[in-house]
Structures are given as C-alpha cells and as structure tokens.
Ligand SMILES: NC(=O)N[C@@H](CC(=O)O)C(=O)O
Ligand SMILES: [Zn+2]
Ligand SMILES: [Zn+2]
C-alpha cells in the first residue's frame, strides 16, 4: 500500500484537475482526494509528488519492437524498458517482425513475453494480409481471439484496393480499426526524403506529399463505403489532415495520429545534420508548411493521438549512404519531452489535451481500460513538466540510438511510471 502525495492530477474523463493524493492498495486505486488522512501511517509508503503532474497512463499505439526476428535492433524487453523510461504504461507493436505477426502463434508469443517482464503492457497489432504481402487476408479472426487490438500492414501499404475493401468489411465484426500506412509505392519508389527544395539541393530522390495523400483518400473512401473503422498512421502532410477533417465532419469513423518528429522537424534537418541517416524516416520529414499545419491540426482537435512510430535500427544498418539506410527513428524516450517542449510550453495544447492525445484517445481507439478512478488498477504516467534535460542517446534503454534529437534540450521528463500498481520506473531507473 502506498500513497502518491501532492501530485497535480489531470484526467478530464474522470473530472480530475488539481492537486490531489492517490492511495494505491494491491495495485488498485482505492482513494483519490485532497489530503487523504493516513491512519496506520507506518505501513504506508509515501511518495511526495510536489511539482509533478499525474496523468492517466500514456499508451503509445504505434511502435516497432523487432521481436521476433530482429533482436539485434530491439527486443520486447529493451523496447518495454524504453517505453516505461519514456513515460508509457502500454504500447501497441506493429506486426512487421520476422515472422510477421499474422497468426495467433506470434500474437501469443508477444503477449507471453511481455507478461513475464512486468514492465509496460503490450497490445499487439495483427497484420492485414499474410506476411504483409498484400495478397490475401491474414487470420484476423484467430488473432482477435488471442487479443489483437487492430490490424495493419505497417511498413507497407495494402496496394490492392479490393483486398483493402474486404479487410474493411471483415474487421467490422470485431469492431477493431484498420491502421493505414498510407503510401502509394509507385509514387514514392526510390525516394528517401521529402520532395522539395531540400531534396533538389541535396541531390536526393524525393517522396512527394501525393504518395501519402492518395492512399489517405482511398482508405477514407473505402472505410466510408463499408461503414468500417480507419486509423491513419503517422500523418505528415496538410492534405492528409485536411481530408481526415472533412471525413470526420461527414461522420466517417476515422481517427489520426501524428508523430513527435513530424511536428518538431522539417526536411531542412537532412541538410543541417549533414545527411545523417537518423533523419531518414517514412513518411519523410516534410517542409515547414506541412509541419506548421500539423501543429494547427493538433491545436484545433482534429489530431486524435500522438504516437511515436518508435523504429529502432542498429548502427550497422544506419551507418550507410543515405540512399541505402532503413527508414525509422527511435522515438519512445524523447516523445514526452517533445510534446511538452513543442506543444505544451508553446500553448498549442493544455494539460487536458495532452492527456487526451497520449492516453484517453489511444485507449478509446484500441478499447483499452484505464483512467484515474477508484477501483481501477493504477496505470499512471507521472511527469516532471518543468524539468529541463538534454537528450543523450547513449543513455537510451532502447537498443536503437537512431535519433535526430541527440543533445537537444527539452522540458518534460518522465518521473515515475506505474503499471498495474507497480512502480516500474522512477527517476530514470527501471525497477524490476
Ligand atoms: N516509420 C519508419 O520509418 N519505419 C518503420 C515502418 C513504418 O512505420 O512504416 C519501421 O518498421 O522501421
Ligand atoms: Zn508506417
Ligand atoms: Zn511504423
């Protein structure tokens, strides 16, 4: 039994906003209130959270954990350590592992690994198509029985529109979303960065916005026609978000996420960082207009979720010419700092909206229980909002140190992560 004292608690879903104590017993929240009186004080451990903000546990609904198959890039264990260090109580890993998570055996394996570790919780995403090959539907029904929360072929689009239409029809019975990696591969082919001023200047092949937007449009059309559920992954352009907004206004069941790297950086970074392959990501860092548009769509409520698309790679894989490096940024340990620095401190969002983007909305989309409420298991992200810190990739728990944010000064450091009542991270230390 322990009590979290004097933290500033933020959870609009449960009408909480203010300095409060939270009493936790056997993993459960048993009391929330101002100055909870503690009778037999000796048996109760007290954590003073003065100056810290207590959020309902953050869920990162888009990560790549690389296990099974590429344990040199990340394992479930290193990925979940990185998650709790980054302030997340749960993550949804994408199925582009080896083997692909397209059947119940892989889903069960992932769930079992995570259960033993007792770090962050894991909510697997199953493939839409067998082997993410885009040829025939995967065993979505049996994966759902095992516990997948969504389907996606992330890493690739499902190019065949008829097959995508069938997927939209099929998932309706499970009420799970199809998460779209929106990319027209004929348009993006061989591209390595955003198409524009900088791709020309740097002599690199560009990926235009249209490669993304055509598929966002297609998937909205298919979702609307089938009255199904769509979630757009890593939206990076003004056009993508404009189409999502229009679809939402029409009543289409579509949600959208953006990543910290897309709302923070632009394609200019490829030049600034001297062709560092840590700036290479899919979709690419876009121009300033698109970056500013993303921020406006976060401000006006159209963006539902901030997800990291945590994509760890080895140094060996990244340490090649720009053209040949894999796409991806290791992002789960810098996400909260970037949200605080780039959005909260700049008044794009407030504390309530931050809880919505990182906890309430991802839970709604994936149907995960949570929230700061009597009787619920304690899943909490406790953040030191005003703490300044400097990103040091060599201190990452993730095996992937492929970050374009190294040495950046940020506000907002995760202080404590509580999963099912267990304090799994405190002050940067993982407590097993
Ligand atoms: N985002 C990336 O640049 N890379 C992801 C794949 C993906 O999210 O599409 C990866 O798996 O490495
Ligand atoms: Zn993707
Ligand atoms: Zn991804």
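Glycine is treated like the rest: Cβ placed from N, Cα and C.
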TrEMBL has 62, 64, 309 binding Zn(2+) 1. Which one of 154, 217, 219 is in the same site?
-> 154
Zn(2+) 2 site partner of 154, 234 (as recorded in TrEMBL), chosen from 181, 310 | 181
The predicted model's mean pLDDT over the domain 'Dihydroorotase catalytic' (51-238) is 98
For the recorded positions 154, 309, work out the Cβ neighbour count at 10 Å and name the residue with the minimum.
-> 154
For the recorded Zn(2+) 1 site formed by 62, 64, 154, 309, name the remaining residues of the chain with Cβ within 8 Å of the site's Cβ center, in chain order.
-> 63, 94, 155, 233, 234, 307, 308, 310, 311
Sort residue 62 (Zn(2+) 1 binding site) into helix, strand or coil using the DSSP assignment.
-> strand
Specify the nearest of the binding-site residues 62, 64, 154, 181 to residue 313 (substrate binding site), where nearness means the distance between Cα atoms.
-> 64
